[in-house]
Amino acid sequence: MDILCNRLIPPGACNLLNSSTIYANNEVSLAEVDIYGFDYDYTLALYSNTLNTMIYNTARTFLTEHFKYPEAIHKYDYIPNFAARGLHYDIQKGLLMKIDAFHYIQPGTVYRGLSPVPDDEVLQLYGGTHHVPLQQDSGFYGKGPKVKQFMDIFSLPEMTLLAVANDFFISNDIEYDPVHLYKDVSDAVSMVHIKGCMYKWIMEDMEKLILRGEETYAVLHQLVSQGKKLFLITNSPFNFVDKGMKFMVGKNWRDFFDVVIVQADKPHFFTDCVKPFRRLDENGDLLWEKINSLEKGHIYKQGNLFEFLRLTGWRGSRVLYFGDHLYSDLADLMLRHGWRTAAIVPELEQETKVVSTEQYALTLTWLQALTGLLERLQMHRDTESKQVLQEWLKEREELRLMTKNLFNPQFGSIFRTCHNPTYFSRRLCRFSDIYMASLSCLLNYDLSYTFYPRRTPLQHEAPLWMDQLCTGCMKTPFLEEMSHIR
């Protein structure tokens, strides 16, 4: 099998992916972009994974001290690689799961606490199907009445704490209400942010918790030096952003930006038509005067996008906004206002490493070949053929499991289920024109560069393009020139 698969894989195919590449869902010409906008957390500022452990530990303490949960929950430490972004949580059933683009639960990815739920039990729980109806699924911003989708990078500690708390009650045979548990854990995690714990940690130890700040400086400098206008819209408070930006960019960081807006209350900032802008003084205190213009060098709070558009005139595809949260940062801007959008997806760095391995290429190539054999030969009904087909089906499931485990043993890739895109991936394609692992990827491209999405064949089309004919072959710009990048 390995020899056959090696013959099917083009030479060098495993080296074609580069985590510093920018990927296009839609054609975007940077030559047409005059204005660049940014979120702050996990966009301009990337954080160490240590922060997730700190959020988890503090929320766990709030759960026991404020909400009076059993102290024994403290025996559960944070599990760094347990959860993955984009998962759904059934609030009433207390189940964490991965759902694909068609609202189907991926078999083998449903967890009650820290234990997987057998597929036959999942079928019983959902009325004989793996399908989650639209009315139960998460709403436009990922918050449905019965199912919540975790789209925020900060949500990894919350998912882990939910799993741990469920596991504690189940393991100790203690009756509990999953709905109350969900709300209490959610509130405990929110308290970490509301009480300013996270801001305090980062400001006290930026060397440890803020990553690759010099790359943020390089991106901003490149854009401004070529005459681009920049703005910042973040939900974080001014003193936190100010200290972080001084650490990454320098004390004159505000000189890079034409407009700075803090505590914007996204996503409501994009839909509210009423809330006015307030200006802050140098100490971060509110000033009283009416805002008739947004001036460079000043700091503004709250406001709304409609007033922002009126005061700046920055509209349509001239604007490219970068953010990490598909709902809170990007969805409204693309769907309602026609801005170009760029998603920051840090997970790409690890996922592209996996996809670039020979093990992944071999497994996926054989999986695709085996699926093709099953499709073509399924009509053979003699006893011997039926036995072979059953063996192939069994091997196909084993290969699917192997592929999933290469990414995350519990939930697999954040971009794919067995063969379909995930619900996260579907939203990524819908709400972002381009996506990348970090803002620094922009440094690899000229500001007149045009991003072209790969023409992937539809199911009724023939794969006529060479980069589509072979599994693992991915189109990457400046392939040879980019080989030296990280």
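The backbone N, Cα and C atoms fix where each Cβ goes, and this holds for glycine too.
Long-range Cβ contacts of ASP39 (active site, nucleophile) within its own chain (separation 6+, distance under 8 Å): LEU232, ILE233, THR234, LYS266, TYR321, PHE322, GLY323, ASP324, HIS325, ASP329, ILE344. The feature active site, nucleophile is assigned by TrEMBL to ASP39.
ASP41 (active site, proton donor) counts 22 other C-beta atoms within 10 Å of its own C-beta, drawing on all protein chains shown. What TrEMBL records for ASP41 is active site, proton donor.
Annotated Mg(2+) binding site per TrEMBL: ASP39, ASP324, in sequence order. Counting every protein chain shown, the Cβ of ASP324 (Mg(2+) binding site) has 24 other Cβ atoms within 10 Å.
Annotation source TrEMBL lists GMP binding site at ASP41.
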